[in-house]
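Structure, as structure tokens:
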Amino acid sequence: MQSAAAVGLVRPCAARARPLAAGPSHRGGAVSVSGGGIRPVLPPRGLRLSARAGLVPASPLEEEEKRRCRAERDVAASASSSAAPGAGEEAGGGLVKTLQLGALFGLWYLFNIYFNIYNKQVLKVLPYPINITTVQFAVGTTIALFMWITGILKRPKISGAQLLAILPLAIVHTMGNLFTNMSLGKVAVSFTHTIKAMEPFFSVLLSAIFLGELPTPWVVLSLLPIVGGVALASLTEASFNWAGFWSAMASNVTFQSRNVLSKKLMVKKEESLDNINLFSIITVMSFFLLAPITLLTEGVKVSPAVLQSAGLNLKQVYTRSLIAAFCFHAYQQVSYMILARVSPVTHSVGNCVKRVVVIVTSVLFFRTPVSPVNSLGTGVALAGVFLYSQLKRLKPKAKAT
């Protein structure tokens with residue numbers, strides 16, 4: 001059933017508030033004079049002023065209209081009083097999220113800086129990258145097990161089929177981190193990260209070969225400053241050697257292969273198998289993959305007997321190794337936490353800025369000699385990475401049929 005207001009029998013609230021004209025033309029209407037002005041005397045509630053019959057009882061429709069208008073005014077008043085606190089809470093929640101995201105980015109960069117500095121210090125005195133990488137995976141495995149046991153991280157439910165699907169990812173993850181440490185042991189930290197700026201080039205190449213994802217012409221053009229900048233920096237790098245160069249390149253290939261494999265294999269995730277859990281499982285698998293290779297190749301080079309025979313400070317080496325290993329695991333976990341909160345493009349830009357921060361801090365800390373041409377090459381390469389990340393999000397326009 002429709003209400004009286006819906007069918008037009010009741011006038012809108014604003015329409016009934018017309019003032020009564022004061023003057024001799026009122027018949028039977030009462031007026032009062034005060035302060036030199038004339039105003040009408042309002043009739044008692046339940047009565048209405050009639051021009052012919054004076055005060056008569058108000059009709060049911062008019063009473064309903066009055067009640068409806070009073071209710072509307074009450075609702076409007078309560079809504080206006082509650083709107084301000086709600087807006088304030090929303091603004092406060094947005095500020096808290098922004099501060100949390102800023103703190104995560106700060107931790108991401110800080111852990112990266114500490115990892116690269118302490119890792120390089122250990123590799124200088126202990127040139128055994130397989131041992132050092134194994135230690136880093138061992139510490140990461142310990143952290144993952146601790147988080148699962150204590151309930152900080154929900155223990156994943158994973159099947160044997162899923163483990164087999166994850167195994168290729170663990171293999172290339174192991175190789176990528178091993179090659180990175182091999183490069184850091186041979187050349188300056190800044191140069192390793194300049195070469196690793198070539199990651200977009202290998203991402204485009206491998207995606208085109210194995211996934212059939214052809215890049216747009218603009219994306220291809222953005223790769224030119226990356227390749228040119230890395231080449232320019234390599235030609236003028238004081239610490240350049242081929243072992244460090246090719247190790248960093250191999251790291252690029254393996255890490256981008258991991259990304260392509262993750263898309264191609266499409267590991268089916270359970271509810272508890274989020275990105276952090278997946279990374280933790282890969283870390284555990286990487287430790288068990290690399291530990292036997294360490295024994296067969298370099299042997300155990302981190303024992304107290306070996307370090308003392310080399311004349312090294314045990315406490316210093318162990319402290320720096322543990323800090324580097326903790327930061328290695330922590331910065332990757334924080335990276336996944338950021339990725340869960342922002343878009344891949346924003347994360348890619350943040351990663352580009354992170355590389356700049358690591359290069360600058362390592363140059364300042366280790367006092368790495370850098371020529372103007374070398375700086376120019378590094379800057380061009382990093383600018384190309386930023387341009388690539390911006391162009392990558394542009395989707396090609398669909399052709400009209």
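Residue numbering: from 1, along the chain as shown.
Heads up, the Cβ atoms here are built off N, Cα and C, so glycines get one too.
Record features (TrEMBL):
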TRANSMEM  99-118  transmembrane segment
DOMAIN    99-389  domain 'Sugar phosphate transporter'
TRANSMEM  130-149  transmembrane segment
TRANSMEM  161-180  transmembrane segment
TRANSMEM  201-227  transmembrane segment
TRANSMEM  239-255  transmembrane segment
TRANSMEM  276-297  transmembrane segment
TRANSMEM  374-391  transmembrane segment
Would you call the transmembrane segment (239-255) and the transmembrane segment (99-118) in contact, using three or more Cβ pairs under 8 Å, pairs 6 or more apart in sequence?
no
When each of 161-180, 276-297, 374-391 is checked against the transmembrane segment (130-149) for Cβ pairs under 8 Å, which one has the most?
276-297
Given the model, what does the mean pLDDT over the domain 'Sugar phosphate transporter' (99-389) come out as?
90
